[in-house]
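What TrEMBL records for Ile102, Thr103, Phe130, Pro131, Ser132, Asp133, Asp211, His214, Tyr236, Trp265, Thr293 is pyridoxal 5'-phosphate binding site. Taken from TrEMBL, the feature N6-(pyridoxal phosphate)lysine covers Lys237.
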Amino acid sequence: MTKPKITLETAAKLDQKDVLHNFKKEFYTDDNRFYMDGNSLGLLSKRAEQSLLSSLEDWKTHAIGGWTDGKEPWFYMSEKFGAKTAPLLGAKPEEVISTGSITSNLHQLLSTFYRPEGQRTKILADELNFPSDIYALKSQLELHGMDPDEHLIQVKSDNGATLSEEDIIKEMRSDIALLLLPSVLYRSGQLLDIEKITKAAHEQGIMVGFDLAHSIGALPHNLDDWGVDFAVWCTYKYLNSGPGGVGGLYVNEKHLGSKPGLAGWFSSKKDKQFDMAHDLNHAETAGAYQMGTPHILSSAPLLGSLDLFQEADIKNVRCKSLQMTRLMLDLVYQELDGLGFQIITPLEDERRGGHISLVHSEAASICKALKKENVVPDFRAPDVIRLAPVALYTTYKEVYEVMMILKEIMVNETYKKYKNERDIIA
Ligand SMILES: *Cc1c(COP(=O)(O)O)cnc(C)c1O
């Protein structure tokens with residue numbers, strides 16, 4: 001049976017049925033631009049702008065009093081935003097805190113939970129993770145006096161794009177202390193089976209951490225049910241908190257109360273912090289893993305953004321996201337056949353995050369040609385084009401049009417005008 005041909009009409013019909021169509025006008029979008037890069041930096045919403053302006057207003061009118069008396073008191077902001085993020089994670093409010101960045105939070109949680117002992121000294125990761133995560137793992141090993149060449153085990157990929165859960169599980173030996181993996185691989189968009197991996201690791205006595213950079217705000221999580229020990233994420237990608245927006249971390253309640261590996265005065269119990277004692281009385285919540293003064297102005301936009309997620313419901317976001325990436329994939333087969341593209345994103349819904357990735361030998365040139373046509377893709381050297389149709393602000397029609405522009409660039413060979421090299425930021 002052949003599938004019916006996908007047309008602009010097909011996409012328009014999907015838009016008519018879209019339960020999230022009202023959310024687009026909550027964002028600053030540009031009718032002349034096709035934004036497919038929300039997995040690197042999400043767009044600004046009017047709510048996020050409002051919550052940032054509100055914090056500025058608190059500063060303007062309350063000065064130091066803004067810590068406790070403003071509209072959104074800064075002293076409690078990280079805890080409050082953590083609690084508001086918890087439903088996106090399947091977590092309890094006290095297990096989540098808004099703080100730091102992925103990399104600094106990883107350092108904090110590795111300093112707290114990586115406890116090499118006896119023969120159990122190694123860290124298990126993969127060879128496809130984002131470099132910053134690997135740098136953090138290596139420097140943590142070195143801080144413990146260990147040689148990363150020997151103590152960091154990176155699971156290999158068969159095809160350079162995806163990982164096999166079975167291969168990961170095979171590496172879970174008795175000398176592994178801790179496992180760190182991405183939920184969704186940043187390059188291929190593969191979604192790992194977090195529950196299965198966590199269960200297998202726990203059977204071997206291994207502590208499990210996940211980096212949710214490419215899944216938070218794109219799909220629901222059940223961290224508590226899955227038993228994940230800790231997690232980190234950023235909010236400037238699918239959570240649309242703005243450039244350098246505050247990150248977050250999760251610590252499973254069974255570990256709450258653990259002494260923070262990297263302590264600071266914001267690790268304190270809130271009612272003890274201003275005792276100014278030299279013996280830290282650390283919080284019994286995920287708040288204990290904060291260090292210094294929160295970056296209020298890089299945190300404030302998150303409030304408005306989280307309100308949108310609360311209204312939209314992450315299940316609806318996931319449902320639309322999958323339908324949009326499915327449409328993209330179908331259009332690759334229908335329109336881009338024979339043009340040199342290879343899909344490296346898993347085709348099964350349950351193995352796919354929020355973006356799709358196409359490999360092409362001329363990927364850098366193609367991305368430049370797309371930008372010239374007002375399509376914003378994202379390029380990952382040496383040959384990957386990532387396209388993220390974000391559920392809250394992208395229409396099915398836009399997905400259709402982007403794929404037709406891509407086809408035109410290929411058929412007319414306009415990409416050949418551009419050098420096949422990456423720019424400084426790609
Ligand atoms: C985006 C991303 C990062 C970035 O880390 P920051 O500390 O927020 O700069 C790290 N890891 C992964 C997997 C990412 O996707």
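Here, residue 1 is simply the first one shown, and the rest follow in order.
Glycine is no exception: its Cβ is also placed from the backbone N, Cα and C atoms.
TrEMBL annotations: computationally assigned, not manually curated.
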Far apart in sequence but close in space: which same-chain residues, 6 or more away, have a Cβ under 8 Å from Thr293 (pyridoxal 5'-phosphate binding site)?
Phe266
Pairwise C-alpha maximum, in angstrom, for the residues (Ile102, Thr103, Phe130, Pro131, Ser132, Asp133, Asp211, His214, Tyr236, Trp265, Thr293) that bind pyridoxal 5'-phosphate according to the record:
31
For ligand 1, list the binding-site residues among Ile102, Phe130, Tyr236, Thr293 whose CB atom is within a distance below 6 Å of it, in sequence order.
Ile102, Phe130
Tyr236 (pyridoxal 5'-phosphate binding site) has how many other Cβ neighbours within 10 Å of its own Cβ?
21
Take the C-alpha atoms of Phe130 (pyridoxal 5'-phosphate binding site) and Lys237 (N6-(pyridoxal phosphate)lysine) and report the distance between them in angstrom, rounded.
14
